[in-house]
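The coiled coil feature in TrEMBL is assigned to 11-45, 78-139. For 206-326, the entry in TrEMBL reads domain 'AAA+ ATPase'.
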Amino acid sequence: DEAASSLKMQIDSVPAEIDEYQRKITQLEIEREALKKEIDPESKKRLVKIGEDHSKLMEKCSHMSEQWQSEKKVLTKKRSLKEQVESAIQECGVVEREGRLERAAELKFGTIPRLTRELEDLEGTFNKVQDEHKMLNEEVGEEDISRVVARWTGIPIERMMESEKQRLLKMEEILHKKVVGQDDSVRLVSNSIRRARAGLQDPLRPIGSFMFLGPTGVGKTQLARSLAEFLFDDEQSMIRIDMSEYMEKHSVARLIGAPPGYVGYDEGGYLTEHVRRKPYSVILFDEIEKAHSDVFNIFLQILDEGRLTDGQGKTVDFRNTLVLMT
């Protein structure tokens, strides 16, 4: 429904590509007006460059506007013809039931076939108009649905449209662009993610859970960032929790939220709230050995059942997360 609504809005409003060009043109015009008062050589050189860029953008914008108007004109006519065909079919059914056979014959063998032919011809015209650059569409396609899902999940559309199989096969190669060495760690993590994607892993548990051991500087945190970028195309999709801040027994409440009657009950927990808002994430528990022993109790529910109940009694889903500890 959201994809269909978005498609209708795109037809009736200025396309995003044209809007972007118009914004750039406006910015250049503002900069040009400001530089007209300057007399130094650099400003004059920049004015010449602005003039060239402005001309190119105007040409592109004009071409795209013409394309959009052409497509919109044909699309509007198509809609009108479809409505006429549907109206004629409905009228034909009514007059047949009423016994007005002459009018029924006129509609059935004259009006409806003629409108249908016009609609087919217009469809061919629309396809020719869209040969060079397609700007409008009247049918919801895979890309439109992917764009909506991308807004919901935070996973970029390019990642969803790209072949999952090819990306997973090259996973080690992609990770090694950011991580030097650590071949065994990269291989094990990659295999785990491939198993999860192939459906061979327990669907009620997180994508994977790993503990990285080693001194400072060997790439533990960098590997976590690279995994977040690989899976969700954004290093910011990593939830990093410094466990040295959870050395006290009562600090567990900060992760899952305070129980009813305690201060901070309405705020929720740091971990549970982040995962609830962004269920597709890499979770990094940094310096896990510094945390209080009671903190480890919450990991049982996460790693074994793929969920966690916060202080408010709400269940948070961890099945789409990758859990890492260092």
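Note: Cβ is positioned from N, Cα and C throughout, glycine not excepted.
Those TrEMBL annotations? Automatic predictions, nothing curated.
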Intrachain neighbours beyond the coiled coil (11-45), with Cβ under 8 angstroms and 6 or more residues off its ends: 51, 53-54, 57-58, 60-61, 64-65, 68, 72, 75, 135-136, 138
Composition by DSSP (helix, strand, coil) of residues within the domain 'AAA+ ATPase' (206-326): 51 helix, 26 strand, 44 coil
